[in-house]
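As written in TrEMBL, here are the features:
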COMPBIAS  1-11  compositional bias 'Basic residues'
COMPBIAS  25-39  compositional bias 'Acidic residues'
COMPBIAS  40-54  compositional bias 'Basic and acidic residues'
COMPBIAS  63-76  compositional bias 'Basic and acidic residues'
COMPBIAS  83-101  compositional bias 'Acidic residues'
COMPBIAS  212-224  compositional bias 'Acidic residues'
REGION    1-142  region 'Disordered'
REGION    189-224  region 'Disordered'
REPEAT    575-603  repeat 'WD'
Amino acid sequence: MARQRTRKHVGQKVPVQRPTPSTQDETELASEAESQSDVEMEKDATEAELEKLVFGDSAGFREGIRSFDLGDERASGESSASGEEETKDDELEGIQDDDLFFMDAGPTDVDGQALAQASQSDDEDATHGRDPPAWEDSDEERMVVSLASVPRLRKLRRTEVEDVISGRDYARRLRRQFQLLNPVPVWADKSARQSSRKRRRRTSGSSAEESSSADDMETNDGEVEAQPLAKLLRDFDSLTRRTENGTSRKRKLRSEVIDIQRMKDVTGVQPSAITSLSFHPTLPLLLSSGPSSTLYLHHISPQPPNPNPLLTSLHMKRTPLTTTAFHPQDDRIFLSARRRYFHIWNLQSGIVEKVSRVYGHQHEQRSMERFKLSPHGKYLALLGSSRKGGGVINILDAYTLQWTSQARIESRGGIAEFEWWGDGRGLCIAGKNGEVTEWNVEERSTVARWQDEGAVGTAVLALGGATGSTKGPIGEDRWVAVGSSSGVVNIYDRRIWVNSEASSSSDDSIIPKAPKPSRTFDQLTTPISHLVFSPDGQILAMGSRWKKDALRLVHLPSCSVYRNWPTNGTPLGRITAVAFSKDSDLLAVANEQGKIRMWEIRS
């Protein structure tokens, strides 16, 4: 149609197509649509009234605004709330009023004088003995808070009728409520820090040195970890020492039945198995480590609330520790891994020293993972690399860390285990073929060789007890225990060898070539991994890590296994380390789960 009109406008004559006539129904529908769109029907009275009720009008809106009163709304709300309370009261009709909580009267009017007095008293309480605030909000004075109208704020009231308080008082009460729920920590309490600092000054010999060291702790963050431990080791009164007239007095244990009591476990669970465990020679400290590359130092103190707490730890990156030990005479800790180097941690200074090689014998010391310090702390024995048909142990000076001598044995498969004599003058070395060599450090020569009876893959060796003789040719140890891969443990009495009438003055005939064991233990069926004597020589602990709860205690000198411990309910697990305290009254057992269990040996 638009095209036709355009052509018409330009004056061209075109034929016009006539539309098809519509039917009667289509004509009526079109006419109705046109009438509805053009003419708007008038509203009747009912429709106008409904529209006014639903949508309202301008006159009614203005009238509603003028007639609106906030007090009426509150009154209606209170009336509805009172209705609900009446229904609740009906449910509690059988309960006496005295047994219920006090009825809240709701907001009450408080005059300005009482409000000012409460604010003044609170100001005095808040500012008494405290530093003035660095900044104050002026809006707090102009703000007023109702405590009774908000259920969560009613606990801030001091009396039942108290309601409106100032904004400053409201902030103060919130702060007081928070402090009640969350007490001030010790590190943030100035009075606690000052009192503890005074105690440290009293226990120290020089107050000037103590105060300077305390200042260094606060200013130098790099020494925070080492400095407190050095102070702890210098202050022997803070650590419970064993007194000569206390638990360190000599006692005699019974055979077959042992009086042992479980103590609190050492705090924390280590992230890996614990492969090394040892007590400090004089202080109640426990040293533990494992493949997690972290060394832990705990204070053995079973008293609550924090029994056996962790004193400090040392993490060595990419160094899965295998052996850690206290030096017997000073405050150093030796730690090693399957590496060509080992470390020495000085607890006094906090310095960690790295020893990277054994000069002149690097080709024989490819790994320093296994070492043992002599009892007097003079020598350090390092297990060298295995060679065809034998093994090597390098002896270093524990103070200068210089090579001094070397013990070489002939044994197929190399060295299984070695142990220092009790007097530190020599080594007892066990080969994997079952041959045991007695080697003297001072003479740098082999004293004797003897064969373990029935040895099938010797795995571990231990020395303990005392013979009573001084300067013996094979040390002062009475007992030697040898464990094999079959689970059998042989224990020998070396005092019989020394006091034997058949022995002559020559060292070669002191020890028989094939001695008979005093007792053979076959209670364990898996390879022996741990043999540990108590320092007093009355207990031998033998265990295997290849089976759960595989631990037995042997009484000496009767050589009888205790039958009442461990029981089926003793939580040992797979044992990875065993240690006795210096006074032989504590037993620590570590397992693969990273836990350290403690027991007290009474009698």
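For all residues, glycine too, the Cβ spot is worked out from N, Cα and C.
These numbers come from a predicted model, not from an experiment.
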Non-local residues, at least 6 beyond the ends, that sit with Cβ under 8 Å of the compositional bias 'Basic and acidic residues' (40-54): 60
Local confidence of the repeat 'WD' (575-603) - pLDDT mean: 95
Summary of DSSP states over the compositional bias 'Basic and acidic residues' (40-54), given as helix, strand and coil counts: 10 helix, 0 strand, 5 coil
Secondary structure content, the repeat 'WD' (575-603) (per DSSP, counts of residues): 0 helix, 18 strand, 11 coil
